[in-house]
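> Have a look at this one before I ask anything.
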Amino acid sequence: MYGHLSLSTLSLLAVVAAAPFPESWLQPRDSDVSQLFRRGAPDPKASDYLSYYPSPGSTPNVSTIPQAWLDKLATVQLPNVSVATANDGRPTYPNNENDGDSEICSFTDQCYVEDDLYSPPGEKVWALSFDDGPTDVSPALYDYLAQNNISSSATHFMIGGNIITSPQSVLIAIEAGGHLAVHTWSHPYMTTLTNEQVVAELGWTMQALSDLNGGRIPMYWRPPYGDVDNRVRAIAKGVFGLVTVLWDSDTNDWAISDQPDQYSVASVEAYFDTLVTGNRTQGLLLLEHELDNNTVEVFETEYPKAVANGWSVKNVADAFSMKWYLNSGKGNDDVVTTMSVAGTLTTAKPTHTSTSVASATATSSASVTDSAGVSIASAASSQESSSWPIANRPSLFVIACGLALAAIMV
């Protein structure tokens, strides 16, 4: 589920680097995106916490998409790239279109663009990241990171459905100083989704992470299976300001199996050894997972070897000398740099489907925080009845506006 053999280890020399995005694909640098996400965060301990989000495990229904996201999508000029079709684990395009062409630039065909993060600069810099969390083994991994004082040196690309079903694990990662990023809502092949479905997969995951992390807006995302093309890139960056993160080497830890013809812990560790104990000095951005005990075991075995061989371990943002979040600098306790206003908090009660709402209770609790993080004002609460679907609720958090987005697009 979490990988496929056509995306095995990528050689630097085999990867086709395409030109940077045409400027016309992206939203204007002075565009106001602050209205995309604005609302107070729900309490993850509350019994109705899950009702604030789409159901986990599948792509959110387009009816759940806030209108502000769709309005922003409508302003983004997208490249002329068709929606792909899943074909035995490899997305294919209609009319015999070549996924490696620069117009499409699918990473499935080992093509990436200049704006993608692929291999970190600097000698012996390991950009440490883990996909697919939080899972049952995540707390053990987070303990190991903390014991080795490297919690803040890891980026966790989290799945939205996992976030809302295991919010306490996310909070542990946040408290320890982990860097949080987006791995979509349900781990689909993104190039096979419509534009609106891509928006839903990314936006709701950003929403869930920001709600738990003090309004900090994720700045990075990694496509499941590495499945991204120029259409999906343009939506991610044009609508949400997200930077696409890929990898220069696949550890294949996701493929570990007891079957004799599959990868084993020993074989994955042997390949890992060639990366961190050999003569390589160029930076590493590996595909690794917090998926099960095997993936955690591989990392815990290889990390000491890397350190002993002079590797410097950093999270993705630090490895590329970039800030952690769209609206905050470095760390989970750094000041949120844009003005933030918590709007109406609406509790949705699902009825017969995961995307319809029969009734809602709205509690308004507005507050304003200045650039120094000082609370300026708060408003009283009120309750009222409503029958809004999720898509019509006020947005949930403040995303970085013009200057923040411009900074990452330079």
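Note: Cβ is positioned from N, Cα and C throughout, glycine not excepted.
So Swiss-Prot says this about it:
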| type | residues | note |
| --- | --- | --- |
| ACT_SITE | ASP131 | active site, proton acceptor |
| ACT_SITE | HIS289 | active site, proton donor |
| BINDING | ASP131, TYR225 | acetate binding site |
| BINDING | ASP132, HIS183, HIS187 | Co(2+) binding site |
| DOMAIN | 124-314 | domain 'NodB homology' |
| CARBOHYD | ASN61 | N-linked glycosylation site |
| CARBOHYD | ASN80 | N-linked glycosylation site |
| CARBOHYD | ASN149 | N-linked glycosylation site |
| CARBOHYD | ASN279 | N-linked glycosylation site |
| CARBOHYD | ASN293 | N-linked glycosylation site |
| LIPID | SER385 | GPI-anchor amidated serine |
| SIGNAL | 1-18 | signal peptide |
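Show me how these features fit into the structure around them.
Here the Cβ of ASP131 (active site, proton acceptor) has 25 other Cβ atoms within 10 Å, regardless of which shown protein chain they belong to.
Within 10 Å of the C-beta atom of HIS289 (active site, proton donor) sit 25 other C-beta atoms, taking all shown protein chains into account.
There are 21 other CB atoms within 10 A of the CB of HIS187 (Co(2+) binding site), with all protein chains counted. DSSP assigns HIS187 (Co(2+) binding site) to coil in the three-state reduction, outside any helix or strand.
Summarised as a single figure, the pLDDT of the domain 'NodB homology' (124-314) averages 96.
In the three-state DSSP scheme, ASN61 (N-linked glycosylation site) is classed as coil.
A coil conformation is recorded for ASN80 (N-linked glycosylation site) in the three-state DSSP classification, outside any helix or strand.
Annotation for ASN149 (N-linked glycosylation site): no same-chain Cβ neighbours under 8 Å separated by at least 6 residues are found.
Counting only same-chain residues six or more apart in sequence, none has a Cβ lying under 8 angstroms from the Cβ of ASN279 (N-linked glycosylation site).
Annotation note: ASN293 (N-linked glycosylation site) sits in a helical segment as assigned by DSSP.
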> Between ASN80, ASP132, TYR225, which of the recorded positions has the fewest other CB atoms within 10 angstroms in the structure shown?
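Sparsest of the recorded positions ASN80, ASP132, TYR225 by Cβ contacts within 10 Å: ASN80.
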> Among ASN61, ASN293, all listed as glycosylation sites, which has the most CB atoms within 10 Å of its CB?
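Result for the most crowded candidate: ASN61.
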> Please report the Cα separation of HIS289 (active site, proton donor) and ASP131 (active site, proton acceptor) in Å, rounded to an integer.
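Approximately 5 Å lies between the Cα of HIS289 (active site, proton donor) and that of ASP131 (active site, proton acceptor).
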> Nearest to ASP132 (Co(2+) binding site) by Cα distance: which of the recorded positions ASN61, ASN80, TYR225, ASN293 is it?
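In terms of Cα distance, ASP132 (Co(2+) binding site) lies closest to TYR225.
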> Work through the recorded positions one by one (ASN61, ASN80, ASP131, HIS183) and name whichever has its CA nearest to the CA of ASN293 (N-linked glycosylation site).
ASP131
> Reported as an integer number of Å, what is the Cα distance between TYR225 (acetate binding site) and HIS187 (Co(2+) binding site)?
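Cα-Cα, rounded: 8 Å.
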